[in-house]
Amino acid sequence: MTDYSTNMRMRLPVVCIVLEVILIILFGILVEYDGHTDAKKWHNNKTNDMENDFYYRYPSFQDVHVMIFIGFGFLMTFLQRYGFSSVGFNFLIAAFSLQWATIMQGVLHGLHHGKIHVGVLNMINADFCTGSVLISFGAVLGKTSPIQMLVMAIFEVTLFAVNEYILIVHLGARDAGGSMTIHTFGAYFGLMVTRVLYRPNLSKSKDRNCSVYHSDIFAMIGTIYLWMFWPSFNSAITALGDVQHRTALNTYYSLAACTLATYGFSALVNHEGKLDMVHIQNAALAGGVAVGTAGEMMLTPFGSMIVGFLAGTISVLGYKYLSPILESKLKIQDTCGVHNLHGMPGVLGAIVGAITAAAASSSIYGQGIVDVFPDINDEHTASQQALMQIASLAVTLGFALLGGLIVGFILKLPIYGAPPDTLCFEDSIYWEMPGEEESHGELTTVKTPEETEKLN
Amino acid sequence: MTDYSTNMRMRLPVVCIVLEVILIILFGILVEYDGHTDAKKWHNNKTNDMENDFYYRYPSFQDVHVMIFIGFGFLMTFLQRYGFSSVGFNFLIAAFSLQWATIMQGVLHGLHHGKIHVGVLNMINADFCTGSVLISFGAVLGKTSPIQMLVMAIFEVTLFAVNEYILIVHLGARDAGGSMTIHTFGAYFGLMVTRVLYRPNLSKSKDRNCSVYHSDIFAMIGTIYLWMFWPSFNSAITALGDVQHRTALNTYYSLAACTLATYGFSALVNHEGKLDMVHIQNAALAGGVAVGTAGEMMLTPFGSMIVGFLAGTISVLGYKYLSPILESKLKIQDTCGVHNLHGMPGVLGAIVGAITAAAASSSIYGQGIVDVFPDINDEHTASQQALMQIASLAVTLGFALLGGLIVGFILKLPIYGAPPDTLCFEDSIYWEMPGEEESHGELTTVKTPEETEKLN
Amino acid sequence: MTDYSTNMRMRLPVVCIVLEVILIILFGILVEYDGHTDAKKWHNNKTNDMENDFYYRYPSFQDVHVMIFIGFGFLMTFLQRYGFSSVGFNFLIAAFSLQWATIMQGVLHGLHHGKIHVGVLNMINADFCTGSVLISFGAVLGKTSPIQMLVMAIFEVTLFAVNEYILIVHLGARDAGGSMTIHTFGAYFGLMVTRVLYRPNLSKSKDRNCSVYHSDIFAMIGTIYLWMFWPSFNSAITALGDVQHRTALNTYYSLAACTLATYGFSALVNHEGKLDMVHIQNAALAGGVAVGTAGEMMLTPFGSMIVGFLAGTISVLGYKYLSPILESKLKIQDTCGVHNLHGMPGVLGAIVGAITAAAASSSIYGQGIVDVFPDINDEHTASQQALMQIASLAVTLGFALLGGLIVGFILKLPIYGAPPDTLCFEDSIYWEMPGEEESHGELTTVKTPEETEKLN
């Protein structure tokens, strides 16, 4: 039924199993419990079980976890015949990436006598890195094989960790919610990959590159979960106390303002004043992306709402006017429009972060300034911090674009079982398909790829 | 494709953007971080980061947040052609209401030198107020435009805040889970609005005023999330410690008992003994509503289960016998049956709260009595507290009915783009519709409103 | 429309209402608040509201709650015409079981002057017991009436509590995540019940014993929620501090490794290399089951990943090769394949737990050993603990198989309204069905059971 090029019989098992075996070996060599998860270490040092990191980070972790697996996974089910792959490959890529991220982030962010010490913060950071890979997945959705995605994840996780390391450790950047490290990086990396993988004849699959009624409602599950838990995402790894609290609050109001902007502009740009599900599903989230850097700062709810409003606006306008141009002029086929949801709002978030950092002072933060800007002191002014924030954006864009370019070419090799132009956005080439819904008394079966191909 | 009356081209953008701009300005003038979110204030006063409110309230907040956006949103997707609007307008109205509620509740519940101080408790209270608006939305679902809903939200949030202020501050009522302030208020307000907006020819849309197989399963997502997280809802703003713990426990058992009553009576009232999805989706939740007031009190699991059982019973019987009468005799077209889920169980909850308050004494609560009944002392007896609870119910019903009456007439003005009688319960007048599911090899498109109109 | 045998008109109401009334009476006689939920007791003893159990257990409880009601409920919606029953009967059975489990576990695990003291730990344990019943429900899914399931739950909850009591109290077994008590017990109990209820002519309903496209996506909602929250499940009742933290971490990595194994072997065993949704929906979860016992121990992430990898592998192979043999040779019709998801991985988890316990020592755990192995001391060696773990597995298997046998015969009585062979996996015999989706302009209705029967 399936021609050779997309048959995964040996390739996917070999890749999955070999990668997992390598991961297990690396974990065996490198990974140890940290002071909050190791029985002996904890009991040697502890004062009180209730001071374990678990109680202050794990609820945030679970919210982030839901965003990664339900949020991203279901957001991408909007395609009518790609629901299995959207949720299923999201699941596969994320399960791989979080393990690989534990290793790469652990190695870069500080080994302890040659060992990576793990606890709940590592779980959150691994999920964050995974989020970045899933953003890139959104750009190439429907046009790649699961093996291509795993290969992309191998490289992207590595580059993510290196970029993050440079930003946080060397440039001293603040980016708790990842406007730069997660969103900007993931979006531009993915856009460059999809540019390199450009398919001039993708229109042969255009009948499937759209939603149906129920698939749009499934996608709203993803949207709403991302929207609700974004306050937890942005605050998951900030300093404890007021910082975490403030970040959640800022994100809450930013998203609410963003949502009204999204509905307003979605109706405005439609010639009949109708709302477009693509905008609601995506642009309403841009407010979370855009306060990813500044959310922990004293941005105020007022400032957060302005940022959210702008983010929703540019995101809707991007979907309406910029995406068609990117596709026709720059040959960037961005399936989920990640440029509008993660790219531009991510850059906006980086700039807002720099501006807010520039305004930092002890008169605003009091003694709390060390929690948000540990580097700011008499030597290192707020303006210098702002400069480092902007430098971090530039570094991130550089890594993302260059990395995406190279990885794009690696993914172009004809060995991964990518779908032909006529069978993009189609589950049946990688999945055993169930029968179709009983209707008028007969059980019809799904068209085979060959039949589908003939139709095109 | 769309006739003028429902075209949202300029109206929805203007309303959304103007409202959001006003909100942003109000936040700029009025809103400040509170002592747990402001860097300076927190660090001036703090003893320990782990004592920040965030750690004791935020998990509850997130559960409430899920109820508001997923719970209410998906519960209403049961209509076959109104899924986009159910989830989508729920999203819009809620995003607006939570901002507006922050302002209104903040202004009424105590300004600090002219400023509203915000933290996680404000987020929970804003979500609560939003819940009330969404209950009213349920009563008019399918028969109103998004602009009507935003206008309704402007007034309802305001009245909600005033009513809540009178109850809590002036009458000293206890209502942590909102049997009165949220459910009774939201239900009777919405019922009065839908009464005023009565459509004698709504039967022209009756083909769409029902569910299909998949839409009922989507609705169950909403039901189950509401059911699971109701213990968090009722306990979100109670005193810390035993009170919060007890409230969650009482609600857990109340809901479980309610569910068995719902299944039992649903099968009993059906002439073939079949279960009705409408009952399961709604009545099984009545147990949460009915312990909204007494949940924090020493109601005992035993008492909670009795209340839950009664709530499930009256809710099913309401759907079966009362709703048809309300529609035919009182001309109340209650799309989601909010009278059965929120109205009657809310009143029941208020009465149960008064009875339980009347039985309060130091011999039962020990020193914990001040957490639940701060007003009870030698001067103010438990019976007086019970009286104040009943007075609060009366005030709430008065505000809801009078408010709903006035707002109903405001919403009757022919300027909001309400759907014609033939196009109620129909997404396509407000949303760009995707193609229909591929079936038998052809991609069919959704009928335009004009075509649909002809069929009726 | 419905023949007598499946008509629930009087039977389901009587069963639901009588059971609930009995439960309410039992709660009235036996149940009291515990020291963390009772106002007086808490205020007499308390040091600090923030030390209330609620803050350390309730977030875990809510995650477990989601797994029970959304996870199990939606996982079983994969059947094309059994979505109402899957979610709806899951809801009913769980709401009953958690109340009954509170009583049975309370009576067995220690009365206080004849009273059961309840708080959040009781809620978690009741949900755990419910999980076991739902596993058994998965084995008989589609072939039983709701009354049969309630009767099964009455007996299974009782046996569960007795088995758990023997394991924990008498054998001193460690099983925080329930590899034995929950998964092994639930699976083999259910398998035995379905064996006794063997239907030689079940093939008459085979057209409905499979999924359709959307039902598989609904099922993925269940899968992903189970997968995400399994770390909370395994850690919900462990000791506080490092133990809870470590358990969540181990489960996280076990599941990730399991997922890669699942994808790899799913593609490997398919002759076209296509992925099978049944494997992804189920086998990817086996990693959580298999660290249910050892998760709290110093298994290390490395060890957890090996266990997860093995669990995923045997689960996929079980679905592919063992399930057909169980059905054809042993006449075990296991609708959801619980043997592959809960049975074998549960046994694996028990064995892994015994091995890990055998390796326990103070040099590894330090003073933390008392939290994980309170029984291990100079008298009672780690090897003896391991032996008790294995004995516990044997006892569990004995209880499950013998209990399932007896309960199976009880359920065989022709008084519960079980569906005929031709109408298994069919919602319409127990539910009022909505119309079918509008399609090509006409509203078709669901076939009545009689019509369906004629087709077979």
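Here the Cβ of each residue, glycine as well, is placed from N, Cα and C on the backbone.
Caution: TrEMBL annotation is automatic and unverified by curators.
Per TrEMBL, domain 'Ammonium transporter AmtB-like' is recorded for A:50-415. The feature region 'Disordered' is assigned by TrEMBL to A:436-456. The transmembrane segment feature in TrEMBL is assigned to A:12-31, A:60-79, A:91-111, A:123-142, A:149-168, A:180-198, A:210-230, A:250-270, A:282-299, A:305-322, A:343-366, A:386-411.
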Cβ pairs under 8 Å only, please: of the recorded stretches A:180-198, A:250-270, A:386-411, which one is richest in them relative to the transmembrane segment (A:305-322)? A:250-270
Which listed stretch (A:60-79, A:149-168, A:250-270, A:343-366) has the most C-beta pairs under 8 A with the transmembrane segment (A:282-299)? A:343-366
Of the listed stretches (A:12-31, A:180-198, A:250-270, A:343-366), which one yields the highest count of Cβ-Cβ distances below 8 Å with the transmembrane segment (A:210-230)? A:250-270
For the transmembrane segment (A:343-366) against the transmembrane segment (A:149-168), do we get 3 or more Cβ-Cβ pairs below 8 Å once near-sequence pairs (under 6 apart) are dropped? no
Tally Cβ pairs under 8 Å between the transmembrane segment (A:60-79) and each listed stretch (A:91-111, A:149-168, A:180-198, A:250-270, A:386-411), then give the stretch with the top tally. A:91-111
Over the domain 'Ammonium transporter AmtB-like' (A:50-415), what is the model's mean pLDDT? 97
